[in-house]
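The following block contains the structure, expressed as structure tokens.
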Amino acid sequence: MKYSKIAGTGSYLPERIVTNSELQTTIETSDEWIVSRTGIEARHIAAEGEKTTDLAEHAARAAMQSAGVCADDIDLIVVATTTPDKVFPSTACLLQARLGVKQGAAFDVQAVCTGFVYALSVADKFIASGQHRCALVVGAEIFSRLLDWNDRRTCVLFGDGAGAVVLKASETPGILSSHLHADGSQGHILQVDGGVSAGRLADNPYLQMDGSAVFRLATRVLHECATEALAHNGYGVADLDWLVPHQANMRIINSTTDKLGLARERVITTVAKHGNTSAASVPLALDTAVRDGRIQPGQLVLVEGVGGGMTWGSVLFRF
Ligand code: ACO
């Protein structure tokens, strides 16, 4: 079997919802400013003590249930996260132990908001190699812990959550192609400068962003990698049933959609209620649209992301 196919999806959001009005009580901002600039109305925030692995486990179990697979079936776990519980073991290894998976490989990928798209592409290639048959691919983040909650330019944008898919070997596609890109020279426009390799947490532990530079790069590359994926497979925009873009903000999503010439009704958006959940945003949106019945078996779906690194990419598949 040379293809991989999504067999099930799942997601999880922490219980606590923080609305724009609540943020208004702690920083100088307004619901009007946040909604008009980003489309974000609320975000879920993890409870104290709740870890990325906790979120990942909920999403993974939901995806496994919807795919009808158990721990014995899984032989690959790839977790996309920027907010691992620990420096090591990886979140994927922690998750493997939680789920009782005893076989196969488990590792994290780090491409920030493009993380899930990278992870899906990696898992697809592992399965296409013939050496793995059933992968759990997870995007899980607690971005709220990377934010300076006094910095109104960044803290209003993000939320916490997790999403997952089970990817199985298949005789038919499935995943048609993936297209990954990076430009490390632009790393400074979106970063958490702090690191642990100094033997302690050194430098600024909080997310810093040049908002307009990120906006310009995001709208350019999301358009490029959407057209690249369609052209690679001989499809036009009219062939696409659904676009599931990274949920950073509505202005980026609308600009990409309009540039592509795609009807906005064909785009899955969850950013209003979730904020930007980084690597979790695409699988959360995918699971939402699968569970509410919009995405149907056999439909052509394009997922795409852009994030820190800078990184970007897309995966085109038949659901
Ligand atoms: N509430 C009220 N005012 C604010 C807020 C806020 N939350 N944040 C910034 N402002 C103020 C600024 O201080 C500034 O005031 P000043 O002129 O007195 O200095 C004013 O609003 C305008 O600020 P700008 O940064 O110019 O606002 P802009 O219209 O560019 O919108 C935004 C900022 C929303 C961040 C926009 O640049 C953007 O969408 N960038 C993309 C960033 C993004 O989505 N990042 C997510 C992570 S990256 C990713 O996932 C791809």
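Each residue, glycine too, has its Cβ placed from N, Cα and C.
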Between the candidate ranges 157-161, 167-171, 247-251, where does TrEMBL place the region 'ACP-binding' annotation?
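When 157-161, 167-171, 247-251 are checked in TrEMBL, region 'ACP-binding' belongs to 247-251.
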Could you pull out which residues elsewhere in the chain have a CB under 8 Å from any CB of the region 'ACP-binding' (247-251), counting only those six or more residues past its ends?
37-40, 113, 157, 215, 218, 269-272, 274-277, 281-282, 284-285, 306
Determine the Cβ neighbour count for CYS113 (active site): the number of other Cβ atoms within 10 Å of its Cβ.
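The answer is 33.
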Within its own chain, what residues at least 6 apart in sequence put their Cβ under 8 Å from the Cβ of HIS246 (active site), listed in sequence order?
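Expected: CYS113, THR114, VAL117, LEU222, ASN276, SER281, VAL282, GLU304, GLY305, VAL306, GLY307.
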